[in-house]
Amino acid sequence: MLLKFTKMHGAGNDFVVIDLISQHCKLRPRDIRKLADRRFGVGCDQVLVVEPPGSPDVDFRYRIYNADGGEVEQCGNGARCFARFVRDKKLTNKRVISVQTAAGVIELRVRDNHRVEVNMGAPTLDPQQIPFDAEQQAASYTLDVGDQTIELGAVSMGNPHAVTLVEDVAAVDMARLGPLLENHPRFPQRVNAGFMELVSDTEIRLRVFERGVGETLACGTGACAAVVYGLSRGWLRDTVTVNLPGGKLSISWAGPGQPVIMTGPTASVFEGTIRI
Ligand SMILES: N[C@H](CCC[C@H](N)C(=O)O)C(=O)O
């Protein structure tokens, strides 16, 4: 079957976006892996699938698949690109769009110059919800990772994140530490591994080794998790600029029980069709 797609990115975190409202096909994990393959397919970090709403009180449902073919709960950069996609494709003309994801309903607000603000919902720090194996919830945890002991924060934005404070993100041995953390046995559903460097109490640098993908140029939920951890530790204020290798995101959080608000760019790069 020939499948139409749109190639997009949010701060360099790239996506193949597929409208399964006007097209009808069943995407198996091997189809996702082919779409995401940078040589045998289109190439992307995640595949985003647009579906009709499952209930009358949301505008759309969107499914998120990592490059390894696994479906995941949440994708911050993807949510922004989703909002741009459904408006570019005239599937809606709303500027405030509610979307059902596997982690719950999120609200997208389209701002000027293709920027989108996303209410990502409230973070979870309860280890059982993340999930993360720990006796009890704590401000940080120490983990044996390879031949190192690493202190990190554990946060869920609907998907699991481990955040480590470092002096210099450029010096992180991502190729070695990333996979060790992603597959650490104390994260039973694996984890996205973020490395955060403090620039000031309102600015950080961040690199993320994403579950199911590897290092990406940006990770929206990772940026949210890093700010939640940094603010919880008293290192950050309530609105933070997050500098990622692919671009900048603005993250705001008013504290426990409050939603995290992420604002950032979207880009639509090309359209195509692929034989699946
Ligand atoms: N790799 C993530 C999903 C995509 C998250 C990221 N691309 C974002 O922008 O939030 C996971 O397995 O939970």
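Placement of Cβ uses the backbone N, Cα and C atoms for every residue, glycine included.
Cross-referencing GLN23, GLN46, GLN148 with the substrate binding residues that TrEMBL gives (ASN13, ASN66, GLY76, ASN77, ASN159, ASN192, GLU210, ARG211, GLY220, THR221) picks out GLN46.
With the fewest other Cβ atoms inside 10 Å of its Cβ, the least crowded of the active-site residues CYS75, CYS219 in this structure is CYS75. Each residue contributes its Cα atom, and for CYS219 (active site, proton acceptor) and PHE270 (site 'Important for dimerization') those atoms are 21 Å apart. Taking the centre of the Cβ atoms of ASN13, GLN46, ASN66, GLY76, ASN77, ASN159, ASN192, GLU210, ARG211, GLY220, THR221 as the substrate site, the nearby residues of that chain (Cβ within 8 Å, site residues left out) are ASP45, ILE64, VAL72, GLN74, CYS75, GLY78, VAL208, VAL213, THR216, CYS219, GLY222. In this structure the alpha carbons, written CA, of ASN66 (substrate binding site) and CYS75 (active site, proton donor) are 10 Å apart. Using a 10 Å Cα-Cα cut-off around CYS75 (active site, proton donor), the recorded positions ASN192, ARG211, THR221, PHE270 reduce to THR221.
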